[in-house]
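The feature pyridoxal 5'-phosphate binding site is assigned by Swiss-Prot to 133, 134, 162, 163, 164, 165, 247, 250, 272, 314, 342. Here Swiss-Prot flags 273 as N6-(pyridoxal phosphate)lysine, drawing on sequence analysis.
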């Protein structure tokens with residue numbers, strides 16, 4: 001960028017940051033310093049808050065699409081949980097403690113469901129905090145994928161699906177003694193940037209409508225950052241009698257979702273990206289009310305009737321009879337009836353600490369409002385780079401704001417990625433790479449600033465210059 005362009009971008013960023021009505025929540029997070037990310041030693045103690053004058057010492061962290069940063073209150077909440085365990089032992093399951101903000105362990109998952117429901121646009125009864133993403137996808141498919149080789153047996157997914165989704169589909173098909181050659185349909189993109197148009201999705205559905213049992217798609221595509229038209233695709237699939245599951249790993253906490261109103265059948269997500277739950281933290285699933293009702297009183301004589309069959313565990317059993325130990329499964333109505341084992345309270349406590357901040361920030365609509373501005377500003381600032389630098393990358397994420405979340409994916413010219421990533425890290429910038437040529441940059445509205453976007457573009461410009469010289 002030219003000196004004038006840099007100065008202008010910094011002035012714009014300062015003005016936008018001053019206007020940011022949710023800027024206060026940035027202080028709720030531990031953003032690593034440049035010194036910390038450069039160090040190979042474990043810090044002696046938990047990172048302390050930096051004085052405002054030292055904000056420049058923080059790294060430029062634009063990697064919330066891979067792993068969100070740590071909320072400061074996570075340590076407080078985890079210590080409260082550990083203190084409960086240390087001082088109460090097994091009583092922590094049932095005994096509420098005065099002056100503790102934490103629910104009893106028996107109720108921890110239900111409280112977390114209350115916190116996550118507005119994030120995904122669901123009734124509380126339609127969500128469960130449980131397991132991990134791929135495990136939940138398997139659980140949903142085990143309940144709702146009932147193939148008939150003489151009728152509906154196919155599963156449709158995108159050809160560039162995240163590998164774990166692909167593996168789940170393949171193994172579910174084989175589990176039913178079917179072949180992927182006959183029962184798996186891949187949606188191919190005609191775009192050089194792997195963008196899947198809604199028309200392409202609908203065309204594939206139409207072509208296989210009578211033989212398709214299930215559709216599995218990402219709410220936001222992990223590689224390109226494309227936001228798919230969830231309500232339109234869901235409605236079209238339903239017209240053809242197809243059950244729809246959405247993988248919301250990159251959508252939850254990123255864009256507003258209205259799963260109940262959209263009539264989504266089921267969905268699953270992780271919690272360590274935009275939800276900031278921590279590495280490998282507990283996942284979640286959504287099952288629409290229409291698919292999770294207990295239609296009549298379950299009797300001991302016919303315990304398999306009255307609800308949709310699923311792989312079951314005792315934590316999905318009605319709380320009234322859960323501890324009777326009668327070995328007769330009476331599921332909770334709603335998504336909670338799909339739970340298996342008692343969940344990790346450590347995980348739920350960590351996730352809930354972050355979800356508290358979502359509430360304080362005003363919910364997903366407020367975050368989306370800022371996110372739209374952040375990502376558009378980042379895109380515009382990249383457009384002000386020198387022409388000779390812009391010739392070495394292109395943005396493959398859709399340019400329309402309604403077709404993307406926070407992430408911009410930058411496709412670099414061949415041979416530049418490794419050097420660019422090394423140079424960015426040396427300049428205190430953390431982003432995500434996807435071989436062979438893509439950098440994924442995701443300003444998260446909870447803790448990123450417009451200034452972060454400018455500083456990234458400055459560092460990216462310098463990194464490109466070095467990479468081009470190395471490539472000669």
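Every residue gets a Cβ built from N, Cα and C, even glycine.
Around the Cβ of residue 133 (pyridoxal 5'-phosphate binding site), the same chain contributes 164, 247, 249, 268, 269, 270, 283, each under 8 angstroms and 6 or more positions distant in sequence. A strand conformation is recorded for residue 247 (pyridoxal 5'-phosphate binding site) in the three-state DSSP classification. DSSP classifies residue 133 (pyridoxal 5'-phosphate binding site) as helix under the three-state reduction.
Residue 273 (N6-(pyridoxal phosphate)lysine) counts 25 other C-beta atoms within 10 Å of its own C-beta, drawing on all protein chains shown.
DSSP gives the residue listed as 'N6-(pyridoxal phosphate)lysine' a coil state; it is part of no helix or strand. Ranked by how many other Cβ atoms sit within 10 Å of their Cβ, the binding-site residues 162, 272 place 162 at the bottom.
In the three-state DSSP classification, residue 164 (pyridoxal 5'-phosphate binding site) falls within a helix.
In this entry, 133, 134, 162, 163, 164, 165, 247, 250, 272, 314, 342 make up the residues listed for pyridoxal 5'-phosphate, with the farthest two CA atoms of the set 31 Å from each other.
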